[in-house]
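These come from TrEMBL:
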- 425: active site, 4-aspartylphosphate intermediate (ACT_SITE)
- 425, 427, 871, 875: Mg(2+) binding site (BINDING)
- 425, 426, 427, 559, 605, 628, 662, 743, 744, 745, 845, 851, 874, 875: ATP binding site (BINDING)
- 43-110: domain 'P-type ATPase N-terminal' (DOMAIN)
- 897-1147: domain 'P-type ATPase C-terminal' (DOMAIN)
- 85-103: transmembrane segment (TRANSMEM)
- 269-285: transmembrane segment (TRANSMEM)
- 305-326: transmembrane segment (TRANSMEM)
- 357-379: transmembrane segment (TRANSMEM)
- 931-949: transmembrane segment (TRANSMEM)
- 961-981: transmembrane segment (TRANSMEM)
- 1011-1033: transmembrane segment (TRANSMEM)
- 1045-1068: transmembrane segment (TRANSMEM)
- 1080-1098: transmembrane segment (TRANSMEM)
- 1119-1137: transmembrane segment (TRANSMEM)
């Protein structure tokens, strides 16, 4: 607190002429007119008791992201379960089983349904409980609240009410939307980080009304009261209209005084504020959407298969009922021994239609085994196990935070393997908000030998390429051309660096360190360069008492990196006062001088100006203008005699850009006092002017000063992406995934990040779609703006179609304002078509609502699976809108995680989550479902065939216990082991061959060809099982005494064949065996025979015709065992032939890899393994690989040109 008080002496508003300084006549402004709908909210400050009764009772500050609550759980969860078609069928079957025509008892139908639905609902409840506990963590956070008589105490967030006075301290989140009353700074300035809302890392400046500035202590609120009239709750983050009535005066309010929930207080010791919007009325929650119920593509397709099977079930049931009615009418009169007159006239030949209708019910229940009731519960079990594997994957454990990956819902596991487009937030997701000073160019000389990640990757790839081209290698070694030397690249990170790492400073070059710069050419220019770094900024220094060094609270990470670099070069900024900046300058080792630079003016950096300047006066009285900005801006403002180093600096800037670095240009000029005074008079007039043209006047006066500069040099900083982000993006791109970046940040920042993570690169053609300047559109209609944007979109699409270069890549960049028009119904499909044609898409300055709308457009417009990933509350909308939402459990709250389907601690883990777990889960679930339908068709149709042979009597050939155990025990565990443990290739191979992932988006394992193929296999197996058994057993002696097989013997033999055939089939399907699978597959067959033995031992009162059937009837009969062997081989032979033919003549990617691994060629023939890996990359135009390929093409082009010139110059010398 003390440190904050010291800093509060600075009137920060004096430093910010554009964004925050207001004319002194502020109180003279008219209050807003708040008449009409939408402006009905009234807040009594410091009187929350008035808001406990209607009409002023507003919603509480309690928030919930759960799908259910205590009241809605039963109806909503039941609705979720009976959205599944099979469950509806089994519910109807359970009801019908209560009728006398049911072939099975009611319990045998109702119990399985209740068990399946109960298990699924329990899983839903468990997952929602996790969301509830996350909500409670937020709702029970504590903050200081005024409790009366000037006393403040802790209160949970959920207990906060509208009208409460809140005290928030540095680095805490705001618990609700607040009106800023006062801060630790005497002029009411505070710094706010809105990264959780809009993704911006730059701190926002908020300023309290001057009339409330005296309220800067707890005691001052003892008798404070006031009233706020303002707009109603709405989702717009950037607007606020209201009036503040205080001390019989009315003051207008604007967004500059509003502190939004989930943003964070920074660089300010404390603030006081009054609560305006709570809970779901707050702007961040207004931007959120309800937790949707998501279903995977596979599950939705599974419903269609169920519809097909259900239609087939109705068809064969109709055939049975018609057949039964015909038999009743024409044959029943001859079957007098059947006593057709009872029961209940169901076999009366005089009313066959009634008999047929009754039999329809019997058939619908009897053939129900075609539709697997245990499929859903098996899938639930498998998905929960898969989710456990994701949760426990040690390769997705983050040691820094101690967080693991978490599958917050297991319903979408297989969807991870079918993603087509990733929509990612930027700040906190791709970046870790840290810049590293890496290189610089001063007086036309480049400094800094350490290589960027892009340069290292290019060198590594070229070294691998050159290993395969010995001839080319020789020519490369001979060339020695400095333009294509890679020595520094290759060796930069091989050198042992004994210095401890310095955050923000990765520069390595002894020429500038330890005062050695004074021995370089142009030391006076080097001195100016260091001074610009140390002076041209708005940061505040803070002494770290433990280390004795200064850290810097800067508005952007760039500024922080520059100040750390200046400190390491010997120019340490250590103090700022109201009017001066103090720098400790180490000119030579041991010689330190503290200098004061009077700060006369500051012209701040904005996205429009793209530059920042300070005007200072040194101790000798010399006035200097120090400027840093984008090269395109600063170069245009250089004087004729200030361009000495322009050519070489431009070349260095291009090199830095190719290396993926962010660059700024530094320049200066000297002023005499008279020239400065004349300009300053104009500047003061512009600053204190009132009216709409104030900004224009300020800009014009700034332009007058910012010209005729002398170029000093350029900086190159590496945007510190989160660990592994470029490699992850590269791997995802090689896997064929498209990546969009949706950020609330400025366009320049987003573009720089795009370069840093290789979504953009040098040579990529940028298509920037922007709306006309709104300042010039006062008279123009909205239609004119739309026409202009539509024209830009159409022209860009045409340009892409006409492009002839196969290596050409396009990047679409669009801002939020333009996106508002582009997302309208009449234009959104044009925008989407253009975006799909581009290699990368970056949307800047987008609101949370727009993120969700873009996600919806991609999801619905392309029909492909989308994945949204983010870490802040501003990402919740798109996370919930996407097919799969991934939250990053970083440091910026847990809102994104609470709304997500999966959570990871860093973006890099997305690679493993998709390429490994997604690939596995998709193939496991797809194969499992196909196999499930196969085995149930193979089993269910044998019942139909037997019906046809027995005059459609409704008689089952199988014992009731056989049928009950078929899905529950005898075939369920092997299929669950398939869904849990199956691996076509190991995890490391998935990562080495990312193109394998495309089997999911292309849906190779769950397309109609494969589904119908498995159904056909089931049909064939059912025919083979039934008719082979009938042929074998019907016309010959079965037992030694000469008896033929009865119905129990035929049914048991047939069922034995089914159990052996389907379990052998799943063994053939598996690529990866563990001991668990062996136990479950072969154990299921053994269990059947064990059950048959034990069941036969039970009293005939329970076992019926199965009494002693294995011991006395089947076991001693060789025909029984021969039938099982013959039928099992016959059923599986076609599948074995099919996969053998496929592997020999039309192998899939994983088949080839399996063979390479089996024969250990990956170890014995590394060259072939590497060749196969390079072939397995999807062709991509984004990512490291694409960037490296582009750089290699450039370097090879230069080499070829050089060799051509060498050949031409060599020929004349020979002649």
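Even glycines carry a Cβ here, placed using N, Cα and C.
What TrEMBL says about a protein is an automatic prediction, not a curated fact.
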If you count every Cβ pair below 8 Å, which range out of 85-103, 269-285, 961-981, 1011-1033 shares the most with the transmembrane segment (931-949)?
1011-1033
Do you know the mean pLDDT across the domain 'P-type ATPase C-terminal' (897-1147)?
89
Neighbouring C-beta atoms (10 Å sphere around the C-beta of residue 425 (active site, 4-aspartylphosphate intermediate))
29
Who are the chain neighbours of the transmembrane segment (1011-1033) in space, where the CB to CB distance is under 8 Å and they lie at least 6 residues beyond its ends?
305, 930-931, 933-942, 945-946, 949, 1044-1045, 1049-1050, 1053-1054, 1057-1058, 1061-1062, 1065, 1119, 1122-1123, 1126-1127, 1130-1131, 1134-1135
Between the transmembrane segment (305-326) and the transmembrane segment (1045-1068), do 3 or more CB pairs sit under 8 angstroms, pairs being 6 or more residues apart?
no
Between the transmembrane segment (85-103) and the stretches 305-326, 357-379, 961-981, 1080-1098, 1119-1137, work out which stretch tops the count of Cβ pairs under 8 Å.
357-379
I need the CA-to-CA distance for residue 874 (ATP binding site) versus the residue listed as 'active site, 4-aspartylphosphate intermediate', whole Å please.
9
Under an 8 Å Cβ to Cβ limit, what residues of the same chain, 6 or more beyond the ends of the transmembrane segment (1119-1137), are close to it?
938, 1017, 1020-1021, 1024-1025, 1028-1029, 1032-1033, 1036, 1038, 1053, 1056-1057, 1060-1061, 1064-1065, 1068
Helix, strand and coil totals (DSSP H, G, I; E, B; other) for the domain 'P-type ATPase N-terminal' (43-110):
31 helix, 3 strand, 34 coil
Look over the recorded stretches 357-379, 961-981, 1080-1098 and say which has the most C-beta pairs under 8 A to the transmembrane segment (305-326).
357-379
Which residues does residue 605 (ATP binding site) neighbour through Cβ under 8 Å, counting only same-chain ones at least six apart?
556, 611, 612, 629
Roughly how many Å lie between the Cα atoms of residue 845 (ATP binding site) and residue 425 (active site, 4-aspartylphosphate intermediate), rounded to a whole value?
11
Residue among binding-site residues 845, 874 with least C-beta crowding, 10 angstrom cut-off
845
Rounded to an integer, what is the Cα-Cα distance in Å between residue 871 (Mg(2+) binding site) and residue 425 (active site, 4-aspartylphosphate intermediate)?
8
Residue 875 (Mg(2+) binding site) to residue 425 (active site, 4-aspartylphosphate intermediate): how many Å between their Cα atoms?
7
Please work out the number of neighbouring Cβ atoms within 10 Å of the Cβ of residue 875 (Mg(2+) binding site), leaving out its own Cβ.
35
Taking only the CA atoms, the spacing between residue 744 (ATP binding site) and residue 425 (active site, 4-aspartylphosphate intermediate), expressed in whole angstrom, is 8
